[in-house]
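Below: one structure, written as C-alpha cells.
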Amino acid sequence: MTFWGFGMNFMLRMNLNIAIVSMVRPITVKDGLKSEYYENHSLLQNTSHLTDSNTDNGNGFEWDEHQQNIAKGSFFWLHMVLQIPGGLLAQKFGAKSIFGYSNGLVALLTCVIPVSAKFNFNALILIRILQGLIAGLAWPSMQAMTGKWIPPHERSRFVSAYLGTSVGTAVTYIVCGYLMDWLGWESVFYITGLIGLVWHICWTYLVYDSPRVHPNITEKELKYIENSLGNSIVKNVSSSTPWKSILTSLPLIVNIISQIGYNWGMYTISLQAPTYFKFVLGFNLKQTGIWSGVPHLFLWPFSFSFGCLCDYLIQAKIMSITKVRKLACVFSNIVHGLFILTFAYSGCNETFVIFNLVCAVVVSGAISSGALPGIVDLAPNFAGVLQGINGTIVIFCISISPYIVGLITYQQQTIEQWKKVFIVSAAFCSLTGIAFLIFGSSKLQKWNNEEQKDVKEIQPIV
C-alpha cells in the first residue's frame, strides 16, 4: 500500500507535465520559434513524424514557455508549508490518517483540473497550488510510520517502496501519452484522479499506524519488530520536540543538503523530459510519453536490489550504517549527476539521449538506501518532524527549478539553452553528494531519547 500510495502521489503531481504538451498550442516554424529539431534534422520534410491529432488543431491554450513552467512549478509553491506540520500531526494522530487523507484530497482536486484550465489559467494555478499544499503532508507522515514499523536492517528495502514514485511517473507518462491521443488531454486528469480515490479507500481499510494496534499481527511478528527496534523507539514519546538540537544537528543539515541536490537533478529531468522530447527533439505524443516514462520503470527494481545489498552489508556487519548510506549517496547523487551531464551533451543523438536519461533515472534509485532512510536512522522518534523539516527546505529549493528553466528556454527551445539547464543540475547534484560523503552520518542522535545514556550507532537485532 505504501508503494502504490507513493506511486499514486507522483501520478497526481506529474500528470500535468505530460498533459501540457497536448494542452498547449504547439510551437511551429510559422510562429517564428524554431526548435533545435527543425534546425538539425532532415526530417523537417517528414511532417508525419511530428503531427498528433490532438495537438496540431490549433485549438490548444496559447501559453508560452514561461506560463507552462509556472503551471508545472505551481504545485511546489506551497508544498513546503505543511511539511513540518505533517510530521507533527502524524506523531500526534498517526500517519495512517494524514497520509491517506492527503493523497485522497489531491486525487479529488485532480478531477477539477480540466474545468479550471478551460475557465482560466489562474484557476488552474490555484488548483495546483492547493494540491501541492495538501500533498505536503504525505512524505513526513510516512517517515513517522516507518520509524514504528521497520527494523533498521530492513529499512533500505522498505524505503525502496517510497520509490513507487518512479512507477507512478512511468505509468503516468506512458499511459497518458496514449490517453491523450485517444481521448484527449482531459482524460488524463479524470482517470488518474479516479485511481487516487480507489487507493484512498483501500488504504483506509487495510493499514494501521503501528504493529501494536494491528488486529491481525501474530505475537511472533510483533515481538520481532519491537525487539529489532530496541530502545530507538519509545512507545510513549514525550510531546516535547527538541527543536534546538534538531535545527543545529550537523548530520541532519548535511542529509538535507544531499537531498536538495538529488531532488534538483531528479525533478529537472522528470519535469522537463516531456517538453524536451516534444519541442526540442520533435517526438510525437506517444513517443514523448513512452520515452519520458520508460526510464522510471527500471528505477524501482534497481532501488530494491540495491536496498537488499545494503541491508545485507548492515546485517552481516560488513559495513556500518553510516558507510552504507554514503555508498548509496555515491550513486544517488554523484553518478546520477554525471549521467545528467552526459545527457546535456547528447545533442540530437536520440539513442544517446535516451541511454543517458535511463541511466540517470535508474541510479537515482539508490536514494532509498542513502539519505532517505538516513533521516529515520538519526532519530526514529522524531522521523516525521525531521522529514517535515527536510521536505520544507528541499521543496522550497526545487520549486525554483521550473522558473529558472522557463527563463533560460523562453522563446529559445534550442539544445544549447537546454544544455545549460542540465549542466547546472548535474553540478548541483554531484557537489551535494560529495558534501554528504565528507560530513554525513547515520548515528542515532542523543536527543532522540534524552533518557538514553549509551548512545551508539543502531545495530540490527536479529
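Cβ atoms here come from the backbone N, Cα and C positions, even for glycine.
Just so you know, TrEMBL annotations are computer predictions that nobody has curated.
Look at TrEMBL and you will find 1-444 tagged as domain 'Major facilitator superfamily (MFS) profile'.
The signal peptide annotation in TrEMBL covers 1-26.
Taken from TrEMBL, the feature transmembrane segment applies to 98-117 (among others). Using a Cβ-Cβ cut-off under 8 Å and counting only residues 6 or more beyond its ends in the same chain, the transmembrane segment (98-117) has close neighbours at 5, 8-9, 12-13, 15-16, 23, 61, 86, 89-90, 123-124, 126-128, 130-131, 134-138, 141-142, 145, 185-186, 189-190, 192-197, 199-200, 203-204, 207.
Cβ atoms under 8 Å from those of the transmembrane segment (123-140) belong to residues 5-6, 9, 12-13, 16, 70-71, 74-87, 89-90, 98-99, 101-103, 105-106, 109-110, 112-113, 116-117, 384-385, 387-388, 391, 395 of the same chain, restricted to positions at least 6 beyond its ends. Residues annotated as transmembrane segment in TrEMBL: 123-140 (among others).
As annotated by TrEMBL, transmembrane segment applies to 161-181 (among others).
Annotated transmembrane segment per TrEMBL: 187-208 (among others), in sequence order. Residues of the same chain lying 6 or more positions beyond the ends of the transmembrane segment (187-208) and with a Cβ under 8 Å from any Cβ of it are 1, 4-5, 8, 11-12, 15, 18-19, 96, 99-101, 103-104, 106-111, 113-114, 172, 176, 179-180, 214-215.
As annotated by TrEMBL, transmembrane segment applies to 252-277 (among others).
Long-range Cβ contacts of the transmembrane segment (327-346) within its own chain (Cβ-Cβ under 8 Å, at least 6 residues beyond either end) map to 156, 258, 261-262, 265-266, 268-269, 306, 310, 313, 319, 352-353, 356-357, 359-360, 363-371, 418-419, 421-423, 425-434, 436-437, 440. The transmembrane segment feature in TrEMBL is assigned to 327-346 (among others).
Among residues of the same chain six or more beyond the transmembrane segment (352-376), those with a C-beta under 8 A of the stretch's C-beta atoms are 143, 146-147, 150, 155-156, 159-160, 162-163, 166, 252, 255, 258-259, 262, 265-266, 269-270, 273, 281, 291, 294-296, 298-300, 302-303, 306-307, 310, 324-333, 335-336, 339-340, 342-343, 346, 383, 386-387, 390, 436, 440, 442. The feature transmembrane segment is assigned by TrEMBL to 352-376 (among others).
Look at TrEMBL and you will find 388-409 (among others) tagged as transmembrane segment.
Annotation source TrEMBL lists transmembrane segment at 421-439 (among others).
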In the same chain, which residue numbers or ranges, 6 or more beyond the ends of the transmembrane segment (161-181), come under 8 angstroms Cβ to Cβ?
2-11, 14-15, 17-19, 22, 52-54, 142, 187-188, 191-192, 270, 273-274, 285-290, 292-297, 299-300, 303, 361, 365, 367-368, 372
In this predicted model, what is the average pLDDT of the domain 'Major facilitator superfamily (MFS) profile' (1-444)?
84
Below 8 angstroms Cβ to Cβ, which residues of this chain, lying six or more residues outside the transmembrane segment (388-409), approach it?
65-66, 68-70, 72-73, 76-77, 79-81, 83-88, 136, 139-140, 246-247, 252, 255-256, 259-260, 263-264, 267-268, 271-272, 375, 417-418, 420-421, 424-425
